[in-house]
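Have a look at the structure below, then the notes.
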Amino acid sequence: MKFLDQAKIYVKSGDGGDGVIAFRREKYIEFGGPDGGNGGRGGDIIVEAVANLNTLIDFRYTQHFRAPKGGNGAGSDRTGAAAPDVLIKVPVGTQILEDDRETLIADLDVPGKRITLCRGGDGGHGNAHFKSSTNRAPRRADKGWPGEERWVWLRLKLIADAGLVGLPNAGKSTFLSVVSAARPKIADYPFTTLHPQLGVVRLSLQEEFVLADIPGLIEGAHEGAGLGDRFLGHVERCAVLIHLIDGAAGDVVKAWRTVREEMEGYGGGLTEKPEIIVLNKCDGMTPREASARRSALAKASGQTVTVISGVTGEGVQPLLRQVMTYVAQSREERRKAMSGTSA
């Protein structure tokens, strides 16, 4: 399935149905009064987050959504039928923004969450509505009220517990394929990964988390270099970032700083998130090289550095346990926050 994380769509709710002019006509009743009914309400445009979608690709081909008009009123004071709503289904994690791409309308971050983007127009009044003591036979009926219309942007930020960041060829896709059932494209050249990948990491029957792999960053990504930094949005919701560094590539300190600078340039609070620094591809280094590069990286970052090999699996399980600790802590904090809000 192709991946698309941004889309612009046009939405318009239904117009209200028209009221009608009608008079009661029955045998033996010479002067039947007005009995024209009101129009029905137009359909709403509703957007709902569903759990079984992970891309906005459908909106590349369908970009206009219009709800139907309400039914017109009828004689015998009958109100027109209300029009059905149009339900637009989007992946969990979709944000809806105004046409300026800056103003947030809604963040559909949990399954079943929905928002009414455009409300249908009210139906117009039939002539029975205008009957009064001074006007016994009104010949007036209103048109239905027009529906609302707007252009909006949909922006998908995937829901993952942990995110993989690093330069191209750092081994992120290999790591994801080893620790989960995901099968991303893997090759020995930069930018093999062109869009985010998700995998579920299962440590036990009770312990699992979702891991996101995003395309590699290069220097100047926040200014549009390479694939840019647009995919960093997919790790904004993560509880912890796994910063993978290619230990066999040479200057590991420069590699770490490059990605950190790009995250700072992007913003979004990424640099405030817990970061696990991982020196990957230890199978391609001598023990002396691995020790020296680990020490240099620890000195530059001021953090503990984990050494692993995504190919052989060395050091992977302790790393996953460390990630699970952060994820469990984040889930508990979120649970407490939600229980406090509901109380």
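For all residues, glycine too, the Cβ spot is worked out from N, Cα and C.
The domain 'Obg' annotation in Swiss-Prot covers 1-159 and is backed by sequence analysis. The annotation domain 'OBG-type G' is assigned in Swiss-Prot to 160-328 on the grounds of sequence analysis. Taken from Swiss-Prot, the feature GTP binding site covers 166-173, 191-195, 213-216, 280-283, 309-311, and the record attributes it to sequence analysis. The annotation Mg(2+) binding site is assigned in Swiss-Prot to SER173, THR193 on the grounds of sequence analysis.
Known features from Swiss-Prot, placed on the structure.
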residue: GLY166; record: GTP binding site; DSSP (3 states): coil
residue: LYS172; record: GTP binding site; DSSP (3 states): helix
residue: PRO215; record: GTP binding site; DSSP (3 states): coil
residue: LYS281; record: GTP binding site; DSSP (3 states): coil
residue: SER309; record: GTP binding site; DSSP (3 states): coil
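The two recorded residues LYS281 (GTP binding site) and SER173 (Mg(2+) binding site) have their Cα atoms spaced 13 Å from each other.
Remark: of the binding-site residues LYS172, LYS281, the most isolated position is LYS281 (fewest other Cβ atoms within 10 Å of its Cβ). Within the same chain, residues at least six positions away from SER309 (GTP binding site) with a Cβ under 8 Å of its Cβ are ASN280, LYS281, CYS282, ASP283, GLY315, VAL316. The candidate set comprises the binding-site residues ASN169, SER173. Of these, SER173 has the most other Cβ atoms within 10 Å.
Cβ contacts within 10 Å of GLY166 (GTP binding site), excluding its own Cβ and spanning all protein chains shown: 25. Within 10 Å of the C-beta atom of PRO215 (GTP binding site) sit 25 other C-beta atoms, taking all shown protein chains into account. The domain 'OBG-type G' (160-328) scores a mean pLDDT of 80 in the predicted structure.
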